[in-house]
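Everything on this sheet refers to the single structure shown next.
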Amino acid sequence: MTDTNLDFLAMSDPAIAEMIQQELQRQRDHLELIASENFTSAAVLAAQGSVLTNKYAEGLPKKRYYGGCEYIDKVEQLAIDRAKQLFGAAHANVQPHSGAQANFAVFLALLEPGDTIMGMDLSHGGHLTHGSPVNVSGKWFRVVNYGVNRETEQLDYDLIREIALKEQPKLIICGYSAYPRIIQFDKFRAIADEVGAYLLADIAHIAGLVATGHHPSPIPHCHVVTTTTHKTLRGPRGGLILTADAELGKKFDKAVFPGTQGGPLEQVIAGKAVAFGEALKPEFKTYSGQVIANAQALANGLIKRGFKIVSNGTENHLMLVDLRSIGMTGKQADQLVSEVNITANKNTLPFDPESPFVTSGLRLGSPAMTTRGMKEAEFIEIANIIADRLLNPEDEAVKQDVKNRVAALCDRFPLYPHLNIPVAAIA
């Protein structure tokens with residue numbers, strides 16, 4: 001959103017303008033450690049606040065049901081071309097409104113109600129759309145779950161193979177919302193081929209790492225790949241479908257429109273195009289490497305302070321802190337760090353005895369604060385800040401000290417310094 005747009009908003013609707021200004025200030029003043037969140041560039045914000053929001057464009061480039069799409073076609077085609085180049089895919093659909101919508105379109109294209117799907121148990125790091133009973137994926141299909149090894153807390157490919165051989169799924173899903181280790185897509189493909197299943201990789205969390213070669217790519221191994229375009233990819237909130245099989249790609253296109261969506265959000269697609277262009281630059285590869293280095297610095301810093309990290313570390317952008325060793329729940333820890341302006345989220349652990357509303361874990365991620373420019377030294381300081389807070393929950397002096405250290409870090413790495421809504425216009 002440009003300064004001009006903010007000026008217009010402040011004059012037209014001061015109530016909303018004030019709320020946006022308050023949210024901007026919250027983002028500036030907090031250490032954002034939610035693993036699924038990031039800060040887009042000003043260019044992505046501007047694209048999403050553009051006149052493209054005015055245009056209906058059902059269909060695909062050059063195959064629209066509405067007139068006046070000649071420039072919309074150029075925008076969407078550029079997004080498609082950049083996505084294909086970025087991920088090395090033969091086909092890309094940039095229209096899904098979200099990662100959940102992308103997954104649903106894949107299900108519609110490949111499955112019939114009652115078919116068997118196999119995905120990771122939500123409590124082990126899976127996702128709602130991978131077969132949770134409260135999601136449409138768990139209501140329309142027969143769901144078989146796999147999890148991590150109790151001892152290593154990592155994927156056990158031999159056990160996954162045993163489950164697949166027994167259950168004969170039509171679709172196997174890999175890719176997770178809370179798994180800190182490298183995914184071996186080639187091993188999943190061997191299992192899928194053995195049972196005659198399609199293989200879907202949901203790389204929503206690791207897309208930016210995959211795009212820059214910091215995580216193995218699923219494109220050569222999986223029939224279809226879905227992702228969000230925010231998180232480590234640092235684009236607008238949206239979804240994306242990729243495949244190396246152009247013929248399968250046609251099925252996914254039809255499953256998106258008219259199968260599950262109507263008009264695409266072309267202003268968001270423009271934001272995706274901008275983000276893909278940014279991700280193709282050398283600076284983004286440097287950023288992705290720093291995301292991993294920072295996550296490892298944070299994990300190692302917490303380990304040095306006596307905390308247990310699930311699987312004893314991380315190879316990507318996130319980690320799970322097992323709080324049982326300090327007698328604390330995820331809910332309690334979430335509240336304690338929130339009180340000192342740190343944003344994280346409680347999270348279930350593998351074999352967690354607590355409910356999803358309480359949990360035994362805290363999920364932390366490095367993408368957002370890496371975007372603000374922080375490096376290993378700052379993430380070691382963040383580890384100590386978190387440790388000081390959680391190990392001294394009743395100490396008001398420690399609480400204030402920690403809050404001051406958070407403020408100092410945020411001040412050193414400003415967020416969107418060019419964005420401000422005129423206070424006079426709001427008042």
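Each residue, glycine too, has its Cβ placed from N, Cα and C.
It should be emphasised that the depicted structure is a prediction, and the values quoted were computed from it without experimental measurement.
What Swiss-Prot annotates here:
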type	residues	note
BINDING	LEU122, GLY126, HIS127, LEU128, SER355, PRO356, PHE357	(6S)-5,6,7,8-tetrahydrofolate binding site
SITE	HIS230	site 'Plays an important role in substrate specificity'
MOD_RES	LYS231	N6-(pyridoxal phosphate)lysine
* Distance, LYS231 (N6-(pyridoxal phosphate)lysine) to SER355 ((6S)-5,6,7,8-tetrahydrofolate binding site) (CA atoms, angstrom) -> 26
* To do: Indicate whether LEU122 ((6S)-5,6,7,8-tetrahydrofolate binding site) is helix, strand or coil by DSSP.
  => helix
* **binding-site residues compared (LEU122, LEU128) - highest count of Cβ atoms within 10 Å** => LEU122
* Mind telling me which of the binding-site residues GLY126, PRO356 has the densest Cβ neighbourhood, counting other Cβ atoms within 10 Å? => GLY126
* To do: For HIS127 ((6S)-5,6,7,8-tetrahydrofolate binding site), just count the other CB atoms lying within 10 A of its CB, please.
  => 23
* Rounded to the nearest Å - Cα separation of GLY126 ((6S)-5,6,7,8-tetrahydrofolate binding site) and HIS230 (site 'Plays an important role in substrate specificity') -> 18
* Fill in the CA-CA distance, LEU128 ((6S)-5,6,7,8-tetrahydrofolate binding site) to LYS231 (N6-(pyridoxal phosphate)lysine), as an integer in Å. => 17
* Asked: Can you tell me the three-state DSSP label for the residue listed as 'N6-(pyridoxal phosphate)lysine'?
  -> helix
* Fewest other Cβ within 10 angstroms of its own Cβ, chosen from the recorded positions HIS230, LYS231, PHE357 -> PHE357
